[in-house]
């Protein structure tokens, strides 16, 4: 094996070995991309030459070969890169010969892989317009019919083979031009990108530790359909909650530019009349609208699943739940405290009422005792009055009767009885009768005293005329 160093990459070159002398087969392989050329697979040195040309090392290899000037025209022609036969990107070797069907079951016309034709198969929808222009110029120069036809036609002997080769070259060059036209037109490119291979799978379950590994790529895949090219990043477990909310707000308001041309059931070119064409347009629009709704439902499901499983959202929900529970517990405790305070107030009121009832009972008992005591004192004073009035009743002075005395006993209170009895003490005869007659009337007694005093001073009333005693007259 010989080696060629190009761009700091070591490439092993195939050479013959002694193992072939015995006729045994030798199996070799290369890390280059598989290339098809006119329904023939390059093998051996031809395969390796194609691989080197794809890596940009073809010229150096040709210069290193010995006796290239003496090579036959046929051998020189073999060193020219073969024309790759590009199948549709949706018709790989595993499904070759099959036709794609849309959701309604109708067969959809396959189209060539425009990105692969321009050498942008790895970039695809991420390719910029400048990259598309540069790749188109390189591919056009590389596969122009005027450049390849003369050399490739030398490898074919029959006219039919030469014509087929020429048609293949022209067809491939037309495909390159078509790819450039499609990819440079924004509307056509959007339709083409919408029909490109895409993983529509929506993850639903994952462990909390695998959330970013599972849902991160899913969001990145679907971000290609965003009308707004500034798509926020999912972040990590340390992303602030505010940015997380902003991220989900973006996806919940997601606007998609994805088209669904495969859902158009009717081909407008097949319409026989204007009315039929309009009907086809309405039916296609209805089918497309239904597909858009399904697409938005799919995106919404992705966002909902992620929102439910996002550990940052779960953590915030748990914190909010804990706060709500704390507030609920606080309300319960406050309510319980109010109930306890109300119960304490009721108990205090009950105790107060019991105390008041007890005091009232004691007061009533005391009042009862006082009444009994008052009754005894009144009975004692009544007995005393009866005793003091006995001489007056026995002598029948001033017409005082027993009924009069009893009336005094019943009408006068204890204090009045006591005062009356005190006045009657140490008095006899008429004085006693007069005091008893007046009862407890102090004014009557004072009037009588004034009359007595007037009599003593000489005032005498006779026959209705007041006369003065001689002594009083002399004084005047």
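From the backbone N, Cα and C atoms, a Cβ is placed for every residue, glycine too.
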Under TrEMBL, the annotation region 'Disordered' belongs to which of these stretches: 15-62, 63-110? 63-110
Looking at the candidate ranges 316-335, 336-355, 396-415, 416-435, report the one that TrEMBL labels region 'Disordered'. 316-335
Cβ under 8 Å to the region 'Disordered' (356-383), counting only same-chain residues 6 or more beyond its ends: which ones? 409, 413-414, 417-418, 421
